[in-house]
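As structure tokens, the structure follows; a few thoughts come after it.
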Amino acid sequence: MTSGNDEVKHPSRADRQNCWKVRDAYFECLNNANIIDPSKPEAANVCQDLRSLYEKGCMKSWVDYFNKRRVLEVEQKELLERMRAQHKAVEERAAAAAEAAKAKESA
Amino acid sequence: MLRSFIRRTAVPRFAAPRLTPVTPLRAPSPLLNVSRGFSSKPEGARAQISSAAGALNWKTFAVFTATGTGLLLYFREEKKRVEIARAEEARLAKESTTYGKPKIGGPFSLIDQNGIRTTNEDFKGRYMLIYFGFTNCPDICPEELDKMAEVLDTVKADPEIGDVITPIFITCDPQRDTVAEVNEYVKDFHKDLIGLTGTLEEIARVAKSYRVYFSKPPKVNPGEDYLVDHSIFFYLMAPDGSFVDCYAKDHTAEFVSQSVKDHIGKYKEQGGKILPKLNEKRISETSSVSA
């Protein structure tokens with residue numbers, strides 16, 4: 001069986017790699033435009049050429065999946081960042097209080 | 001408000017320390033670049049510093065030191081937490097291999113990429129590395145299969161171990177993954193990789209025995225493409241077909257290779273025998289068909 005087999009419908013390694021490449025290019029463009037969700041109306045007017053390459057280069061189910069995942073990932077990261085920032089603020093306050101107490105003691 | 005914050009920080013300002021324990025199994029690789037290292041100080045700290053900046057005295061110094069110490073403590077704390085989580089993970093992994101082995105795996109009868117009826121008996125006497133996926137999988141399966149190929153080559157190259165593993169791909173999407181599809185697919189990853197498909201019932205049975213969950217979307221119109229949701233572990237199975245260990249997406253190829261080598265090394269130390277090749281019957285049948 002050769003790669004030109006008519007029966008085979010799934011994307012080949014090269015198809016996959018091309019899809020990831022055009023996806024990354026499109027998402028990079030969205031990043032630069034500060035747009036997270038490709039399904040939102042504000043995404044319709046930017047990066048149109050890259051978007052059409054992306055939608056041509058990847059199966060529809062993949063496009064849907066990558067788009068949803070992009071949104072989820074940003075939300076997850078955002079949550080994590082906020083948690084870390086809070087954690088840090090608490091630590092800093094505690095450290096500052098300890099430092100102040102020490103300074104008072106030695107004064 | 002949340003949304004506007006996201007926009008401002010499209011490229012994250014704060015570097016995440018190692019995420020291993022919090023990352024869910026299915027979490028894909030980050031799309032945005034996470035810059036590593038320290039970032040600019042938070043608003044609060046900056047405000048404190050500027051208000052005290054007028055007088056260059058011990059107070060300024062104290063505030064500055066406190067900020068630095070806070071950051072340092074935070075990262076130390078975070079590092080400690082991650083280390084504890086790792087140790088716990090390692091302990092659990094060890095425990096599962098020494099006693100109380102879970103009942104994972106079992107007999108199966110499927111069709112290989114050359115159209116030959118193939119059962120677990122055909123792989124007896126050798127280790128198996130089994131991965132469940134589907135040929136239309138967007139990114140996780142191909143990445144995992146590439147990792148599996150890397151592990152295979154690393155383990156094979158070790159003179160103490162050699163060629164003792166049969167890598168197996170089992171589709172969770174038997175409706176689309178015909179013998180021809182699977183044949184083409186496995187060639188993409190490793191020359192030793194065996195691809196198995198079957199009827200929906202056969203696949204459901206083997207998935208169940210490996211505790212693999214998979215689901216096709218409920219409504220798929222004819223001609224419409226779809227993704228199959230499935231669990232993504234790979235399984236190391238012993239020459240007698242019993243479960244040895246399983247590996248998740250966040251385990252690197254180096255980690256898996258080492259772990260696999262350790263398991264096989266221990267087995268050999270205890271006098272365990274492993275066949276250097278798949279059994280004759282299967283090989284002759286396969287070559288007669290593909291010739």
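Just so it is clear, glycine is given a Cβ too, placed from its N, Cα and C backbone atoms.
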Listed in TrEMBL for the Cu cation site shared with B:Cys137, B:Cys141, one of B:His230, B:His251: B:His230
Neighbouring C-beta atoms (10 Å sphere around the C-beta of B:His230 (Cu cation binding site)): 22
